[in-house]
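Residues annotated as RNA binding site in Swiss-Prot: Lys448, Ser449, Tyr450, Asp454, Trp464, Ala465, Asn497, Trp521, Trp526, Trp534. Per Swiss-Prot, compositional bias 'Low complexity' is recorded for 267-285, 628-639. Annotation comment: Swiss-Prot describes 286-305 as compositional bias 'Polar residues'. The compositional bias 'Basic and acidic residues' feature in Swiss-Prot is assigned to 614-627. Sequence annotations record features per position, and here Swiss-Prot assigns domain 'YTH' to 442-579. Annotated region 'Disordered' per Swiss-Prot: 264-305, 379-398, 606-667, in sequence order.
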Amino acid sequence: MATVAPPADQATDLLQKLSLDSPAKASEIPEPNKKTAVYQYGGVDVHGQVPSYDRSLTPMLPSDAADPSVCYVPNPYNPYQYYNVYGSGQEWTDYPAYTNPEGVDMNSGIYGENGTVVYPQGYGYAAYPYSPATSPAPQLGGEGQLYGAQQYQYPNYFPNSGPYASSVATPTQPDLSANKPAGVKTLPADSNNVASAAGITKGSNGSAPVKPTNQATLNTSSNLYGMGAPGGGLAAGYQDPRYAYEGYYAPVPWHDGSKYSDVQRPVSGSGVASSYSKSSTVPSSRNQNYRSNSHYTSVHQPSSVTGYGTAQGYYNRMYQNKLYGQYGSTGRSALGYGSSGYDSRTNGRGWAATDNKYRSWGRGNSYYYGNENNVDGLNELNRGPRAKGTKNQKGNLDDSLEVKEQTGESNVTEVGEADNTCVVPDREQYNKEDFPVDYANAMFFIIKSYSEDDVHKSIKYNVWASTPNGNKKLAAAYQEAQQKAGGCPIFLFFSVNASGQFVGLAEMTGPVDFNTNVEYWQQDKWTGSFPLKWHIVKDVPNSLLKHITLENNENKPVTNSRDTQEVKLEQGLKIVKIFKEHSSKTCILDDFSFYEVRQKTILEKKAKQTQKQVSEEKVTDEKKESATAESASKESPAAVQTSSDVKVAENGSVAKPVTGDVVANGC
């Protein structure tokens with residue numbers, strides 16, 4: 001049996017082995033720096049010991065890991081979003097909400113096929129492998145292929161190796177002249193002519209309301225959002241400029257560039273606030289150029305480090321989108337940047353739809369232009385200028401004249417001349433107080449028009465033409481109404497497609513003439529016509545009629561009807577009563593002069609198109625005649641007499657006629 005040492009001896013032995021003195025260090029280098037980093041995370045050493053870590057070390061900055069003399073090639077694949085904490089793009093409609101506080105130039109491009117979200121590198125400035133002069137912790141090289149707003153892709157850019165030269169003078173960005181099409185008027189870049197926040201003057205009187213910008217005055221310090229020093233707060237009444245009016249994040253405060261119309265936005269060195277307009281003004285005018293886009297694909301364009309350069313527009317009211325321009329509206333391609341993200345040109349057209357009220361729903365997104373195959377050259381408007389909230393006739397004529405300028409037409413009709421020549425119907429003959437609303441027998445139909453241009457012609461000439469099936473349906477209804485004793489009027493409720501309203505009520509006063517075509521309509525596809533008389537001309541919103549359902553149309557609201565949809569007597573009388581009692585402040589008569597100018601433009605274009613077709617047909621006929629004569633001259637000189645049984649050969653001998661099985665040898 002082993003002898004056990006007494007407890008006193010054990011304690012003495014332990015005290016001899018223990019030592020409270022710290023071992024001498026070989027050098028002043030901290031212990032963590034001596035350790036190998038191969039198995040630093042999750043690994044163990046050969047003895048099975050878990051390595052210890054010193055959490056008091058200073059974290060390594062990107063500038064410590066990046067050698068300024070080495071070229072860092074950008075990664076062609078976009079990594080996962082890791083700026084989510086700071087409000088970077090997490091949705092299709094998001095942009096990073098923060099910008100580099102030193103005011104480094106922003107990018108103005110989109111990422112290519114590999115990108116799944118909008119991913120500008122850093123906090124709002126372009127991908128750049130070198131450190132700006134004022135950045136204490138610069139970002140590393142760009143990690144995604146950045147493409148510009150063109151229809152082609154730029155190749156990768158490989159910058160020259162070498163440190164960033166802060167002593168290089170920043171060139172002053174010159175003013176660029178706008179590429180203005182011929183005949184297009186441009187608002188002068190004069191601050192005195194900028195409209196106030198209450199409205200913009202239009203014509204001689206009246207004002208069109210605009211959306212206020214609520215842009216507060218920014219702090220003049222070099223930091224962002226007015227917080228130059230730690231603890232700095234925002235001014236009273238300040239609205240976060242990172243959010244645009246459409247709910248999208250903006251990489252820089254939303255600003256107004258109307259004072260710099262059609263020129264490049266200047267960049268000054270007085271601070272961030274000097275790059276933005278401090279007044280509440282209307283959005284920028286058309287055809288505004290910002291700067292050359294030569295810095296795509298990780299190329300940083302030199303600019304002032306104390307002020308922001310401007311970026312090309314993406315979303316409406318975020319950067320001042322151009323109504324039309326060289327590169328179209330790039331960022332509007334379904335809010336995704338895949339194969340459809342490069343120069344979408346607004347579904348193949350160079351005009352962007354900035355006002356949904358003037359969009360031709362289902363017929364293109366342009367403001368004045370629609371289908372290029374349309375002979376008229378003007379798209380179909382579902383609502384006229386009165387939708388802007390002004391009833392100034394002279395202002396409407398200005399809009400009409402602008403249409404002709406945009407389409408390349410000569411400005412022949414002046415405002416004064418149009419006032420004298422335009423014949424607006426007398427308003428007293430419509431919306432009469434004694435118009436009856438109760439009928440024992442009556443028939444009602446819904447009429448859907450493609451545009452208000454055709455409704456204008458109908459009121460002007462008291463005529464209408466429907467589709468072939470619609471004309472047959474109305475013709476049968478008119479014959480049936482004529483056979484009823486005591487009379488049976490046929491009322492037509494007119495509505496324009498996608499307008500959200502009805503424009504009036506008319507009565508059919510004659511049969512359909514299938515053999516008479518009128519040349520009034522915007523398109524030449526309508527055949528036949530019938531006379532009518534307008535009783536009520538006013539704008540009646542659909543919201544007043546949605547409660548009326550039609551049993552003969554699957555109990556759908558009357559506002560969801562097709563052309564020549566019949567309405568029963570009970571529902572029809574309710575609609576007539578609503579039409580009469582509704583007090584409307586606008587009607588199509590307010591835009592009558594506007595549509596008069598459009599009608600003249602359409603007729604001129606039709607005449608030119610017809611003349612062009614006639615000249616082309618004439619040239620084609622002349623070419624055919626010359627080709628026939630040339631082919632006849634190339635034929636053999638032998639003359640063949642077909643009206644006789646005697647054939648004259650080239651040598652003058654006579655060939656006897658062939659009879660039966662006898663062969664004529666011509667001897």
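Including glycine, each Cβ sits where the backbone N, Cα and C put it.
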Quiz item: Tally of helix, strand and coil residues over the compositional bias 'Basic and acidic residues' (614-627) according to DSSP?
Solution: 14 helix, 0 strand, 0 coil
Quiz item: If you run through the domain 'YTH' (442-579) with DSSP, how many residues end up as helix, strand and coil?
Solution: 42 helix, 45 strand, 51 coil
Quiz item: What are the non-local neighbours of Lys448 (RNA binding site), defined as same-chain residues 6+ apart in sequence with CB under 8 A from its CB?
Solution: Ser495, Val496, Asn497, Ser561, Arg562, Asp563
Quiz item: Roughly how wide, in whole Å, is the group Lys448, Ser449, Tyr450, Asp454, Trp464, Ala465, Asn497, Trp521, Trp526, Trp534 that binds RNA, by largest Cα to Cα distance?
Solution: 20
Exercise. State the count of C-beta atoms found within 10 angstroms of the C-beta of Asn497 (RNA binding site), not counting that atom itself.
Key: 15
Self-check item: Cβ neighbours of Trp464 (RNA binding site) where a neighbour is any other Cβ within 10 Å
Solution: 28
Practice problem: Output, ordered by sequence, the same-chain residues six or more apart from Tyr450 (RNA binding site) with a CB under 8 Å from its CB, or 'none'. | Solution: Glu380, Val496, Asn497, Gln522, Gln523
